[in-house]
C-alpha cells in the first residue's frame, strides 16, 4: 500500500457554504445584516482575524483573506468615533476583499457602516454568542475544511473501539475480512475508498465518501448495503485511525515478526501509525487475528506489552539458571542460608 501520496487541501470555501453549514452542522444561527452575493466571497484560511489594528489604520499586515470578527472592542471603538472618523476607520476594512464580517454579542453596527459593507459586496452577520465562544465553535469547523486529507484503498472498521485500517493488494480479501468483523458485531466506517484526514498534529480521522459510504463490494456477490442489512449498530460515520493491518500473501521462506518485539509503523500524512503485517493463506482465520490485534493494541495503550513481558520472563529465567549453574555462587548461597 502506497501511503506516500501528496496530501490534498481545499484552496477555499464560499461564504454561502460557510453560512449554510454553520447552521446545519453546528446549529450556529447567524442573522444576515445585509443582502449580497455570498457565492462571490471566498474564505482562504482557517484562522480567524479580529481587525482592531486595521480599524485604527494599521493595515500593513492585515490578513484580510480570513473571516473578520467584530467583538466588543472593535464595535465599541467604532461607536465612540465621530461620523466621519467612523466611516474612515470602517473603510480600512471595506477597501479589501474580505470574505465576511461577523459581529458577536448581539452588538449593533451603524446603518451607514452596513450600507458601506453592502456597497463593497461584503456579507455582514450578527450572532448572540460571545466572541470567545464563537471563535471556539467555528475554528474547529474551519480546521475540518482546510486540513490535509487523502484517499486510500482499504477497509476501515471500528474493532472493540480501536480504529483499524485494513489494507493490502487488490483482491486479497480486505472487504471479506471487514464483512466478517461486521457480522461479529464490529462497525464499518468505510470500504474500498477511505478518506483519511489529518487533524492537529497527530490525529488521523477516517470516513467514507458521500457516494459509497457504508456500501461494500464483495467479489462474486456484488454491492451490499451494510446499514440496511445489519442495522444502525453496524456502522459509524468516522473513526480515528489507530492501527494499520496490512494483509500479505504468505511466501515460504519470507520472515515475519513472530515475537511482537519489533514495533513497525507507517507514515500517513505525516503521522506515524502502528503497523501489523499479517501473512494469509487458505484456512487462516484473519478475522479473529484482527480482533486480537485490536485487543493487543488496547493492552499496550494501558501499559501492558505481552511481548515485553515474555521477554522479561525469559531474561529472568536465563539469569536464574546462570546462578544455579555457578558453583561459587551456589557455595555463597549455601553458607548464607546455613542455619545449623
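One-based numbering along the chain as shown.
Even glycines carry a Cβ here, placed using N, Cα and C.
Matching 279-284, 285-290, 291-296 against Swiss-Prot, the residues noted as region 'Important for the catalytic mechanism of dephosphorylation' span 279-284.
Considering only the recorded positions 153, 217, 258, residue 175 (ATP binding site) has 217 as its nearest partner by CA-CA distance. Secondary structure of the region 'Important for the catalytic mechanism of dephosphorylation' (279-284) per DSSP (helix as H, G, I; strand as E, B; remaining residues coil): 0 helix, 2 strand, 4 coil. If you check the recorded positions 169, 170, 171, 192, 258 against residue 217 (Mg(2+) binding site), the ones with a Cα inside 10 Å of its Cα are 192.
A simple way to gauge crowding: the CB of residue 170 (ATP binding site) has 7 other CB atoms within 10 angstroms, across all the protein chains here.
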